[in-house]
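Visitor: Relevant sequence annotations retrieved from TrEMBL are reproduced here:
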- 10-223: domain 'Cytochrome b/b6 N-terminal region profile' (DOMAIN)
- 39-65: transmembrane segment (TRANSMEM)
- 93-115: transmembrane segment (TRANSMEM)
- 124-145: transmembrane segment (TRANSMEM)
- 151-170: transmembrane segment (TRANSMEM)
- 191-212: transmembrane segment (TRANSMEM)
- 239-414: domain 'Cytochrome b/b6 C-terminal region profile' (DOMAIN)
- 258-280: transmembrane segment (TRANSMEM)
- 325-344: transmembrane segment (TRANSMEM)
- 356-375: transmembrane segment (TRANSMEM)
- 387-409: transmembrane segment (TRANSMEM)
Ligand code: HEM
């Protein structure tokens with residue numbers, strides 16, 4: 001039984017009951033971060049900020065949104081956008097956060113890839129990060145359906161239809177996901193449940209795992225140097241703070257991160273107030289109409305590279321239909337980044353600029369992702385089809401052949 005005595009203040013009162021000071025030491029003031037990092041390591045905290053913004057604005061939108069095919073469109077476009085005070089602001093913040101979170105996730109992911117932050121005990125950080133990416137993708141897709149505009153309806157139709165490609169159970173699976181033969185009211189209500197309840201819960205659990213998995217290996221650094229965190233922490237606590245290679249999470253690291261978050265918020269507010277259209281497709285301001293297919297269906301910018309891989313294979317190869325090849329390539333693209341700790345077999349843990357072949361691989365991948373995204377937005381036909389085909393092929397080659405080959409070569413060279 002704890003010794004409870006008259007407390008000298010709030011902290012002491014909490015200390016006696018919750019070991020508050022000890023908890024704060026473990027979580028923040030004696031949780032160590034390398035000094036040798038730059039603004040790219042602030043992306044995690046920016047992502048956390050965006051996630052919180054999505055939750056808060058999501059709650060506000062939920063007060064007026066109606067998950068019913070007859071009411072959803074008006075509840076968003078009239079009630080929230082025109083009648084509720086500041087409803088437009090919460091909707092813009094929600095939509096811009098949903099789009100920008102992907103931009104920051106891509107930067108965060110590419111930083112981890114460039115510095116080899118998926119190796120030397122950091123595999124769980126990487127895999128949980130990729131699971132977060134999948135959670136956010138599912139959140140974005142289910143959220144996109146809720147306004148029940150033309151793009152909501154047709155994107156839902158096209159994407160749910162993809163599950164029809166699963167052998168044997170495909171058709172039954174599509175019907176099970178839609179809750180009906182065609183996308184309709186039951187599809188909207190189940191995606192509403194996923195968007196506001198199940199997926200956020202799963203995301204929070206995976207986020208906790210992501211943060212916890214940083215605990216033992218700690219955050220990587222600009223030189224991918226293996227730091228003895230215990231030794232350096234002792235140096236910081238008992239010796240010369242300027243000599244130590246680490247700083248505490250709070251105030252050292254987080255205070256600087258808040259500065260980066262503030263800079264980011266200037267850009268963010270600018271988007272919310274002046275460029276909100278980039279996160280909202282004009283076609284989605286037309287109510288869903290099952291009898292009128294939009295001339296050109298495409299996803300939001302962050303899914304374009306995967307979408308282009310899906311449609312990149314436009315002719316049958318060796319008797320396998322173009323549709324099935326596209327579907328298999330699309331499924332592979334969905335897990336390709338998750339497999340990186342398995343595909344990179346090299347023992348070298350170093351930034352890409354100190355791994356010449358990997359450096360080339362990294363930049364070719366970035367360029368390929370940009371080309372795929374550009375062509376994913378363009379209508380099919382003519383030269384675009386061939387560019388889409390070759391860049392999809394290049395993506396598969398980079399992951400299935402080039403990366404394992406490069407890392408085996410590095411391993412042989414020692
Ligand atoms: C919304 C989603 C995410 C949040 C809130 C988040 C948050 C964080 C935070 C706070 C850190 C520590 C500081 C930093 O390095 O920035 C971190 C590190 C890391 N995250 Fe994420 N993350 C998310 C998504 C991802 C994704 C998609 C990946 C891709 C695989 C990923 C991979 C990593 C890696 C490898 C590290 C370690 C970095 C290092 O050791 O230098 N995270 N994350």
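Cβ coordinates are placed from backbone N, Cα and C, and glycine is handled just like the others.
Where the annotation comes from TrEMBL, it is an automatic prediction and has not been curated.
Give me the local environment of each listed feature.
Guide: With a cut-off of 8 Å between Cβ atoms, the residues of this chain six or more beyond the transmembrane segment (39-65) that come close are 72, 75-76, 79-80, 84, 87, 90-91, 93-94, 97-98, 100-101, 104-105, 107-108, 111, 146, 196, 200, 203, 207, 219, 254, 256-258, 260-261, 264.
Listed as Cβ neighbours of the transmembrane segment (93-115) (distance under 8 Å, sequence separation of 6 or more from its ends, same chain) are residues 40-41, 43-44, 46-47, 50-51, 53-54, 57-58, 61, 125-126, 129-130, 132-133, 136, 139-140, 143, 220-222, 224, 268, 271-272, 276, 278-280, 300-302, 337, 340, 351-352, 362, 366.
Within its own chain, the transmembrane segment (124-145) is flanked in space by residues 98, 101-102, 105, 108-109, 112, 117-118, 151-153, 155-156, 159, 187-188, 191-192, 194-195, 199-200, 202-203, 206-207, 209-210, 213-214, 217, 300, 302-303, 334, 337-338, 340-341, which lie at least six positions past its ends and keep a Cβ under 8 Å from the stretch.
Within its own chain, the transmembrane segment (151-170) has Cβ neighbours under 8 Å at 141, 144-145, 177-178, 182-183, 187, 191, 281, 283-284, 288-290, 293-294, 297, 299, 310, 323-324, 327, 330, counting only residues six or more beyond its boundaries.
Tertiary proximity for the transmembrane segment (191-212) is limited to same-chain residues at least six positions away from its ends with a CB under 8 Å from its CB atoms, namely 48, 51, 55, 58, 62, 67, 124-125, 128-129, 131-132, 135-136, 138-139, 142-143, 145-146, 156.
When pLDDT values are averaged over the domain 'Cytochrome b/b6 C-terminal region profile' (239-414), the model yields 93.
Within the chain, the transmembrane segment (258-280) has long-range Cβ neighbours (under 8 A, six or more residues past its boundaries) at 39, 42, 45-46, 49, 89, 92-93, 95-100, 300.
Long-range contacts of the transmembrane segment (356-375) within the same chain, counting only residues at least 6 positions beyond its ends with a Cβ under 8 Å from a Cβ of the stretch, are 110, 113-114, 301, 304-305, 308-309, 312, 344, 346, 384, 387-388, 391-392, 394-395, 398, 402-403, 406-407, 409-410.
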Visitor: Should anything in the same chain at least six residues away from the transmembrane segment (325-344) have a Cβ under 8 Å from its Cβ atoms, list it; otherwise answer none.
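Guide: Result: 109, 113, 116, 118-119, 123, 126-127, 130-131, 133-134, 162, 165, 305-306, 309-314, 316-317, 358, 392, 395-396, 399, 403-404, 407.
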